[in-house]
Amino acid sequence: MDHGFYESNLDGEGLRIGIVQARFNEPVCDELREACMAELKKLGVEGEDTLLVTVPGALEVPLALQKMAESGQFDALVALGAVVRGETYHFELVSNESGAGITRVGLDFNVPIANGILTVDTDAQAHARTREKGRDCARAAVEMANLVVALDSLREHGAEDAEDEEDDE
């Protein structure tokens, strides 16, 4: 049996990307955003095809993503933030709940979400990861937006094939 293969597609032309950035740990989050926006531009996503909103912290990110997803105006979304471990259990709570919320929104609304919420032990670790993570999120958002379109077309072709089979009967 011969199997098909879908090449990853990093062409961002015409894609609409929504970005939700947490403001807590703002210098780190600003670096994430700058790297993400620069990479989106390199991939062909126009500035007017992006919408950036900011929220207080990582726990507020999922709700903003949900509202963007509900609008149906975005091909992909990006979550940006930084959770730095402190001396209390709060780190685990924020890390786990923000991640679970982001995943749930993507699955509930069938929209790709690149999760760029850094979870690190120190500010130095966060700063060391901002450029690469911001860039990677842009690439993941574009690639997954294109993949969803390609996979949705499989469903459309499957429906057409089923109709053709019914017509043949």
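Backbone N, Cα and C atoms are what each Cβ position is placed from, and that goes for glycine too.
Same-site candidate for 5-amino-6-(D-ribitylamino)uracil binding, as annotated by Swiss-Prot with ALA58, LEU59, GLU60, ALA82, VAL83, VAL84, ASN115, chosen from PHE5, PHE24: PHE24. GLU60 (5-amino-6-(D-ribitylamino)uracil binding site) sits 20 Å from THR88 ((2S)-2-hydroxy-3-oxobutyl phosphate binding site), taking the C-alpha atoms as the reference points. Neighbour density at the Cβ, taken as the number of other Cβ atoms within 10 Å, is lowest among the binding-site residues THR88, ASN115 for THR88.
Cβ neighbour count for PHE24 (5-amino-6-(D-ribitylamino)uracil binding site): 17 (other Cβ atoms within 10 Å of its Cβ, all protein chains included).
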